[in-house]
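Peer 1: Below is a structure I'd like to ask you about.
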Amino acid sequence: MENPKINIRETTLLSDNHYLLQKVTFDYTTEKGTDTQTREVYDRGNGATVLLYNREYGNVVLIRQFRLPTYLNKNETGMMIEACAGLIEEADPAETVRREAIEETGYHISKVEKAFAAYMSPGAVTEILHCFVAEYTKDMKLSEGGGLATEHENIQILEMPFKQALEMVKSGEISDAKTIMLLQYAQINKLLEI
Ligand SMILES: Nc1nc2c(ncn2[C@@H]2O[C@H](COP(=O)(O)OP(=O)(O)O[C@H]3O[C@H](CO)[C@@H](O)[C@H](O)[C@@H]3O)[C@@H](O)[C@H]2O)c(=O)[nH]1
Ligand SMILES: [Mg+2]
């Protein structure tokens with residue numbers, strides 16, 4: 001199939017209460033003709049995430065926090081176990097994960113390695129998420145972490161054996177997409193095998 005030619009006809013702002021919800025009408029043209037479609041698109045910017053791991057201890061650092069959208073969709077407690085992550089503000093993705101690692105886990109990491117980038121929900125959300133891995137050591141724990149009190153983040157830090165994290169993916173206790181992808185990336189690339 002040839003790529004369609006796209007022409008954006010109209011963009012209507014439905015909400016800019018915190019992020020942007022827009023209604024977009026566009027022409028989708030192929031050799032068969034033109035079809036006009038309308039879609040709602042949620043734009044909350046782009047994000048970056050990092051899996052902290054240590055080969056020697058065989059551990060990864062994850063975080064646990066309440067996520068309202070999951071609570072509204074069958075996650076009974078609303079609590080989610082995730083890799084540390086945040087929205088890219090002014091900084092580049094690597095800077096973002098360094099900042100978020102400090103804010104959320106208290107680990108002051110320096111070297112980060114890009115793993116991949118992924119559109120998280122391409123039918124509705126514009127966001128691309130830049131995914132990193134980084135080695136941490138105990139002496140990098142220089143602050144408490146836990147997220148920004150001003151943002152009511154209430155983040156719990158979980159340092160656990162890599163094996164246990166993989167079992168939690170299997171059991172469904174870890175059900176966050178970026179976290180599953182990063183744990184499997186670490187497994188495929190043997191990051192935690194000495
Ligand atoms: N007042 C208000 N605050 C909001 C709203 N939406 C988000 N926030 C707040 O904005 C802050 C965002 O925190 P970050 O750590 O920067 O982002 P995140 O929520 O962890 O997002 C990360 O994970 C997402 C889910 O996997 C990713 O989608 C995202 O890209 C990023 O990586 C949080 O304190 C959150 O409560 C809103 O509608 N209103
Ligand atoms: Mg976060």
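Along the chain as shown, residues are numbered 1 onward.
The backbone N, Cα and C atoms fix where each Cβ goes, and this holds for glycine too.
Sharing the record's features from TrEMBL:
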type: BINDING; residues: Ala85, Glu153; note: Mg(2+) 1 binding site
type: BINDING; residues: Glu100, Glu104; note: Mg(2+) 2 binding site
type: DOMAIN; residues: 43-182; note: domain 'Nudix hydrolase'
type: MOTIF; residues: 86-107; note: motif 'Nudix box'
Peer 1: Over the motif 'Nudix box' (86-107), what is the model's mean pLDDT?
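Peer 2: Averaged over the motif 'Nudix box' (86-107), per-residue pLDDT gives 94.
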Peer 1: Going along the chain, which residues at least six beyond the ends of the motif 'Nudix box' (86-107) come within the CB cut-off of under 8 Å?
Peer 2: 44-50, 52, 61, 63, 114, 130, 132, 134, 136, 140-148, 153, 155, 157
Peer 1: If you count Cβ atoms within 10 Å of the Cβ of Glu100 (Mg(2+) 2 binding site), leaving out that atom itself, what do you get?
Peer 2: 23
Peer 1: Write out the long-range same-chain contacts of Ala85 (Mg(2+) 1 binding site), meaning residues 6 or more apart in sequence whose Cβ is under 8 Å from its Cβ.
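Peer 2: Listed in sequence order, they are Gly47, Ala48, Thr49, Val50, Val97, Glu100, Glu104, Leu129, Lys178.
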Peer 1: Can you check which residue among the binding-site residues Glu104, Glu153 has the largest number of Cβ atoms within 10 Å of its own?
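Peer 2: For the binding-site residues Glu104, Glu153, the Cβ with the most other Cβ atoms within 10 Å is Glu104.
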Peer 1: Tell me the residue counts in helix, strand and coil for the motif 'Nudix box' (86-107), as DSSP assigns them.
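Peer 2: Its residues fall into 13 helix, 3 strand, 6 coil.
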